[in-house]
Amino acid sequence: MTNNLSGYRNKFVRVKTSKKRTVSSGNWLRRQLNDPYVAKARIEGFRSRAAYKLLEIHEKFKLFTPNMKIVDLGAAPGGWSQVASKLIKASDNSLNNKIISIDLLEIEPIIGVEFLQKDFFEENTEELIIQVLDGKADIVMSDMASNTTGHKATDHIRTLLLCEQAFEFALKVLKPSGHFIAKIFRGGAENELLNKVKCEFKTVKHFKPSSSRSESTEIYLVAINKK
């Protein structure tokens, strides 16, 4: 994958102020309009700029191969599931080469993806995923993040809690030598979780894709080869 964005960079777009638009929503809109990865995703058919983050993770660590079972937590709008579907060459009629995606928000169908419109934190959701998975997973991936508050310490802790929940679930469903990928925000409180992950996986890395905004504290935890 190339990160050459020369064909996707537009002139800076200014956003007119509006009485109905908050400062934060105006800033978000300005970032979207001037983000080359947003433009690239639109042109290349990906549902979100987050697709390029997973592509970069794969380019770095080579985790995805055909004939895999993958669980995608917090999947909407489907960018990561799209990428995974392409990388494992998923199809709608394969039992051993499939992706199970979970989110409260609906996503449009993707080849080889079985979507569950559920709250991951509801009591029966894990049981349902395990039932649909019908065996052990090769990869559990989570791009879940809490709604940001603008307070970095709060956002850090909230997203870390989501990562911890995803990690505990991954331990239940991953096969030996399976992999776990999850978003966290840097902030200092992640060290305890990292130590737990290192006890369960042979290799644990931090990775910040170039497609992650430079001002963001997000990084990705990449845990390789479950013990």
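Using N, Cα and C of the backbone, Cβ positions are placed for all residues, glycine too.
With Gly78, Trp80, Asp103, Asp119 listed by Swiss-Prot as binding S-adenosyl-L-methionine, the candidate from Asp138, Asp143 annotated for that site turns out to be Asp143.
Cα of Lys183 (active site, proton acceptor) to Cα of Asp143 (S-adenosyl-L-methionine binding site): a span of 5 Å. Trp80 (S-adenosyl-L-methionine binding site) falls within a helical segment according to DSSP. Secondary structure from DSSP puts Asp143 (S-adenosyl-L-methionine binding site) in coil.
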